[in-house]
Amino acid sequence: MGGSSDSDSHDGYLTSEYNSSNSLFSLNTGNSYSSASLDRATLDCQDSVFFDNHKSSLLSTEVPRFISNDPLHLPITLNYKRDNADPTYTNGKVNKFMIVLIGLPATGKSTISSHLIQCLKNNPLTNSLRCKVFNAGKIRRQISCATISKPLLLSNTSSEDLFNPKNNDKKETYARITLQKLFHEINNDECDVGIFDATNSTIERRRFIFEEVCSFNTDELSSFNLVPIILQVSCFNRSFIKYNIHNKSFNEDYLDKPYELAIKDFAKRLKHYYSQFTPFSLDEFNQIHRYISQHEEIDTSLFFFNVINAGVVEPHSLNQSHYPSTCGKQIRDTIMVIENFINHYSQMFGFEYIEAVKLFFESFGNSSEETLTTLDSVVNDKFFDDLQSLIESNGFA
């Protein structure tokens, strides 16, 4: 179990000969929803030996990791009595947490954030934390519906297309409104963990986010200190991407749209995002940490984690943690739970997702063949080739 031949090593996957985080974003040719690819992904979730046997073909790393046979019952959750008399302070303020999601649409960011909340709630180390997701897309839809009383209007020109790079200012406005809502509710003690759910796909957007975090933490009027955690969600399995695009065609933007129109519009939207996307890297992590330390004038906490292909690909050499010398128990406990969630995601949740993808493609032979034909006509080899070209034009292949 866990072995594969060279002939199927990239079947249905995006290439992943790892030198840096950027190399994750590279497409290869192959069956978009090959049964062999999905079966292999299923086995990968079940087989801990897979990660050691395939380091060179997935993510090259010399750091081994123990995978528990029972990831839902991990040692850190046992025999622990929470010490509520030991709060952690930074700059004289009680700490709260902000998780910044990064990732292209249709990679699973929202699903993974809901799984993370479930994990935090089920662990005695963190079950007292109040968690809330702040989704920029939902804020956009709320504002749009309040303004025009309609779902998303599909555009015919680049000037009307919200997701066209020419209209970045509009997207940035919605993101800033969402971010300010997160700060407001954190400051009013309405939640303890705020998850900023947006693509956050450019260096400029991320720079703005952390400038705002610094401003919040150094503002004398703010009641709490935010500990930033970066969670990048990536997907380079063609079957997963295709399945996710199918599901996106049923979200709130497309409730009143025909299936084919929804698929075409979302595929176009995805190309726009690929044309601007810059993966978060360790260099950017270090730059942000230096920036925060300089502006907050203290050695501050900063953490970076990755979930790749529903957790099947091991991101060991990408993850990064910085604990200041004065880091308290609350931060260490919370990060330990999150890190454990990341390390065991494929076994805790990924297997179920991969099985759903397999069932989706297998079931078309018995039911909605027209739907699959429509999906194939849009999300095909040419579509993935176009995405690859966009990646290469950005210098991230």
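Even glycines carry a Cβ here, placed using N, Cα and C.
Marked as ubiquitin cross-link by Swiss-Prot on the basis of a large-scale study or a structure entry: Lys55. Sequence annotations record features per position, and here Swiss-Prot assigns region '6-phosphofructo-2-kinase' to 85-305. The feature ATP binding site is assigned by Swiss-Prot to Gly103, Leu104, Pro105, Ala106, Thr107, Gly108, Lys109, Ser110. According to Swiss-Prot, the feature active site maps to Asp197, Cys235, an assignment based on sequence analysis. Per Swiss-Prot, the feature beta-D-fructose 6-phosphate binding site maps to Arg269.
For the pair Leu104 (ATP binding site) and Cys235 (active site), the Cα-Cα distance reads 8 Å. Other C-beta atoms found within 10 angstroms of the C-beta of Asp197 (active site) number 25, with every protein chain shown included. For Arg269 (beta-D-fructose 6-phosphate binding site), the nearest neighbour among the recorded positions Pro105, Gly108, Ser110, Asp197, Cys235, judged by Cα separation, is Pro105. Here the C-alpha separation of Ser110 (ATP binding site) and Cys235 (active site) works out to 13 Å. Taking Cβ-Cβ distances under 8 Å and a sequence separation of 6 or more, the neighbours of Cys235 (active site) in its chain are Gly103, Leu104, Ala106, Thr107, Gly108, Ile241, Asn244, Ile308, Asn309, Ala310.
Averaged across the region '6-phosphofructo-2-kinase' (85-305), pLDDT in this predicted model comes to 88. Candidate binding-site residues: Lys109, Arg269. Fewest other C-beta atoms within 10 angstroms, Arg269. The Cβ centroid of Gly103, Leu104, Pro105, Ala106, Thr107, Gly108, Lys109, Ser110 marks the ATP site; residues of that chain outside this set whose Cβ lies within 8 Å of it are Thr199, Val233, Cys235, Asn244, given in sequence order. Of the binding-site residues Thr107, Ser110, Thr107 has the largest number of other Cβ atoms within 10 Å of its own Cβ. For Pro105 (ATP binding site), the same-chain residues 6+ apart in sequence whose C-beta sits under 8 angstroms from its C-beta are Thr199, Lys248, Phe266, Arg269, Leu270, Tyr273.
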